[in-house]
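Asker: Found this in Swiss-Prot, in case it helps:
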type	residues	note
COMPBIAS	608-621	compositional bias 'Polar residues'
COMPBIAS	646-667	compositional bias 'Polar residues'
COMPBIAS	964-975	compositional bias 'Polar residues'
COMPBIAS	990-999	compositional bias 'Polar residues'
COMPBIAS	1100-1112	compositional bias 'Polar residues'
DOMAIN	19-141	domain 'VIT'
DOMAIN	353-532	domain 'VWFA'
CARBOHYD	ASN132	N-linked glycosylation site
MOD_RES	TYR879	phosphotyrosine
REGION	595-674	region 'Disordered'
REGION	934-953	region 'Disordered'
REGION	964-999	region 'Disordered'
REGION	1100-1121	region 'Disordered'
SIGNAL	1-18	signal peptide
Amino acid sequence: MPGLLNCLTGAALPLMESDVTSYVSGYALGLTASLTYGNLEAQPFQGLFVYPIDEYSTVVGFEAVIADRVVTIQLRDKAKLDRSHLDIQPATVTGNFPEEESPIAPGKVTLDEDLERVLFVVNLGTIAPMENVTVFISTSSELPTLPSGAVRVLLPAICAPTVPPSCTHRFGSSSPQPQGKDPHCFGTQTKDSYNRLCLATLLDTKVTNPMEYEFKFQLEIRGPCLLAGVESPTHEIRADAAPSAHSAKSIIITLAKKHTFDRPVEILLHPSEPHMPHVLVEKGDMTLGEYDQHLKGKADFIRGTKKDNSAERKTEVIRKRLHKDIPHHSVIMLNFCPDLQSVQPNPRKAHGEFIFLIDRSNSMSKTNIQCIKEAMLVALKSLMPACFFNIIGFGSTFKAVFASSRIYNEENLTMACDCIQRMQADMGGTNMLSPLKWVLRQPLRRGHPRLLFLITDGSVNNTGKVLELVRNHASSTRCYSFGIGPTVCYRLVKGLASVSKGSAEFLMEGERLQPKMVKSLKKAMAPVLSDVTVEWVFPETTEALISPVSTSSLFPGERLMGYGIVCDASLYISNSRSDKRRKYGMLHTQESSSSVFYPSQDEGLSPGSGNCAKNVNQGQTKDAHPCNGDSPTHHGLDVSRRRRAYSTNQISSHKTCPRATTASDPTGTARRYPLRKAKVQDLASESDWESQKWQTDLQTLLNEGHNLSQGPKLHGPGARRPSLLPQGCQLMRFFDQKPQAWGPVRELDCGASRTSAPNSQSSEDLAIEPAHCPSTFERETSLDLEPMAESEEQANPCRTATPSPVVGKALVKGLCANQRMQWEVSFELEPPALKRGDTQNADMWSETFHHLAARAIIREFEHLAEREDEIELGSNRRYQVNAVHTSKACSVISKYTAFVPVDINKRQYLPTVVKYPNSGAMLSFRNLTRQWGGSSAGLGRPQSMLREHSSAAGDSKFQTLALQDSPTSTFNKTPSPGHEKQTTAEGPPQNLSASAPSSMKATETLFGSKLNLNKSRLLTRATKGFLSKSLPKASEATPGSQSSDYIPLVSLQLASGAFLLNEAFCTTIQIPMEKLKWTSPFSCLRMSLVTRRQDLKTQSPQDCTSLSSSPPSCDGISLKSEESSDQESNAMLEHMGKLWATVVALAWLEHSSANYIIEWELVAAKASSWVEKQKVPEGRTLSTLKNTARQLFVLLRHWDEKLEFNMLCYNPNYV
């Protein structure tokens, strides 16, 4: 159970008091909790604080008060921790109990690639007996939304744990056993010592407290628009006006009654404009003058402008260091939740790329494989013709039906069904990482979100790597996972769905997979906004850093959050025009390849760029409407003189979006985080770790009146959030500079030099910069540099003293049902004042947007680093360095940095107890040389190779696509996933059996060949295995055998949704062809039966007279007419046969398999949709056709009294 743990026993200390103060603005949540724990043991112990973090939160501050000690944390570069004797080394253990070959030192725990994202772990040192510990922790989070547009605030369980009705165990006893059932991921060992404690178990336990505790809760709401209501489904709440509120947009929520301790605390906010985009603004912590002086003291700015002091050069340097100066600039946040509830679901318009990953390892039993076969057949028949699909089986290696996802048509569907029918569990162990890498590196298809369906019954020993891989592609891929049997890894299955916003399903013994599969398919086929992008427009005098930069898709209830770090560069641009507009963003272009973001040339929209943008007034959004790329564009703002910042994260909506421009509280511009802003003396290192102590000057904090023994103040004037130790506390001195006692933060006078503590770097980093892009990787030392006294750096005398407000616009675009949609919202960004006002008060929440924006920017750099590393080993260093810079500057963790605990009173670092995975950051030259030495010389980075293997058991339709280390080119020129050594977990390395050209040619021939076989014959062969079984009648079938009653019929359905009227169809539904045709409402079908009989026997004169006297017509044309051709007659008969067979199939499903409607409802909906689009011949109507099919079973009851009549009113609109 998370919380404050005893290292020796793993037991959680009881919570005595919880005081939660939180703040919501738009979709952003700032939360600070004061948690007091009591040590009821008679013996001291080593304390460990464990705090779970969700996918959209980050820890931004931490302090712990233990008696007279204060423990905080500091962000450190993982690559430098070894050099600093912090004993943090790379690890390959992935959250399970450590393997024998990689032992963990006593008192150590491991975090794999996934756990370090979702767990915050801090060593608090020794806790004395009967001592209380108060922990202050601050987080910034992105809030989820509901389909109605409501914003959901759910308090973390660790801040408000439930209290069981009856607590029988004593305090201090060993922690309760985890609720999970996953022995593979969570282990079954007893936690008799801390070094054997598996932190993954903490995520699977319910957070409880053995007794009631004092609970306080306060939520301040600052909405971008008026609130339509605030409610809590769990508690009675009270709403009061905030003391500083200027309108009804700001209120304070508290609990009206005492907390009951039996449920979580949940608050729902209902905005008055729930489905309109809003832009909110949070100012930086520097004025224009302060930032000017800040720049003049930076080494990269001095070097960059030493030879070239032009305005263009200055703005270029500012642009390259924007990620380092995020706290100093204003941050804009875009919030948007589209209204998809009003979109009428249309299964036939369900677009997507459906990829099925099936575990075919030897652990799959014969029963499980048969269950998967039937479920996969139903799933494939439930897909719509507009989508793409592929099937991949994996074990030690993996095999795919197609080289890439193919369009859903008859030929591809028949081939896939044939492969599924012959699928067996014969592929060895379980290697999930390689097939996932192969899938995720495939190019995305426009308008088709990638939907991954993964079925497994086991576990892997690299769970962290698998989850982190899917997390990195969560913007483009959504995973629906299925766990079969008791041995499945619960953490793996749940994690895959959680990190990608999918869903997880588990099957116990005896359960059916089809209902759960169809349930997930229906979620995936819901209305979706794909290819969502955001385009920002700013004046020419503005530099911006934008996130996100990748396309995404939004399903019902999901929201979009975009960020922009905006820098006013008007002081550095001569003769600038505030009305001139340009577009720029963080995309890959050729224009500023060395910059952290990539501006485009000054340009406006072309006349044919679309008519989506209408006239926009200040502070008003426009209606969402389709865009026509061939129509002219008219903007209220001069677009030809604007600059656009693109973020390839789009969105589309269907409702009007008028709203007034909103910004965050203008009083929130004072300095934040006194602890972080206070400059601290360098920490001196000694050779012996146990005796290392660092002299730290905390007089600054004491002078400012902060009582460290009491912790931060959370309420009233002067309230503050806990913080991190400043980055000025370095382990090494720079050059031979003697340590100095840094004074308190002071206002800078004009001409004074300034060095930002978060940007302080060691001189060692300057020596290892890549030579190809020095300006991007310049890192400052802690040595204060005198600014260059140059008159050219003064502001233009012609410029006005008070800059005008920055007017910008955000354009949100996306695709919905192949229709392009767009919204736009304008906003006003007031520039920072030239002089800081004296009346501004501190705001403890004034960095929330900055934290979330920094987190988003860090993730972008991490993704870019991984992408570059796939292309060439070591080429990703520039993005790793940028991620570390941003992490340290904003006190937001990244995968390349780690939290290190610091005991301020003892003036020393606490021993870290966490063993981190190898992040790959800042690889040394020796490591690079060693890794490059393993590859072929002169051929660059090893790439992935597409291979073909002979398949066993006649499974010739599955092609093996194994990722291999080979110096040859990749399949379809797609770069392979990150360079990694092949181990048993990821499949054994295999030798190439043929040269690259021959292998690629064979692959193209195999996959590129088209089937020219007859569709009816293929379908009959695909269902041969089902039809060969005896089909019991409905009245005679047992509950266990009824599961396959409808499977043979479903297997005959065409990709379009229709059924063919042939012998296979008649055999499946057990109705003779003669009876089907005689009961048909189409005279042509009945006449064809008569004609056939006449061909079989000699006709009598009476029969000839009867036929000639009343000849039936087919759409007004006689079957015996000489003008009608045989081809037209056959086509008409085939069309009528399809119509009749399809409605009969629907009636048969309703009659004979009503108990399984949940499983075949998508199949029936597709068939019904196909019928409704057809033109019914002979003047018949669709209702007549369906009624006749239902009456068929009434007639059959007279013909066969054993048939049970079970009419079900099926409505495809309910699907």
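Here the Cβ of each residue, glycine as well, is placed from N, Cα and C on the backbone.
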Asker: Compute the average pLDDT of the predicted model within the domain 'VIT' (19-141).
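Answerer: It averages 82.
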Asker: Which of the three DSSP-derived classes (helix, strand, coil) applies to the residue listed as 'phosphotyrosine'?
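Answerer: The residue listed as 'phosphotyrosine' sits in a helix per DSSP.
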Asker: I'd like the Cβ neighbour count for ASN132 (N-linked glycosylation site), meaning other Cβ atoms within 10 Å of its Cβ, all protein chains included.
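Answerer: Excluding its own Cβ, the number within 10 Å is 16.
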Asker: Hey, how far is the residue listed as 'N-linked glycosylation site' from TYR879 (phosphotyrosine), Cα to Cα, in Å?
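Answerer: Rounded to a whole number, the Cα-Cα distance is 43 Å.
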Asker: Measuring CB to CB from TYR879 (phosphotyrosine), give everything in the same chain under 8 Å that is also at least six residues away in sequence.
Answerer: PHE861, GLU862, LEU864, ALA865, GLU868
Asker: Could you find out if DSSP has ASN132 (N-linked glycosylation site) as helix, strand or coil?
Answerer: strand
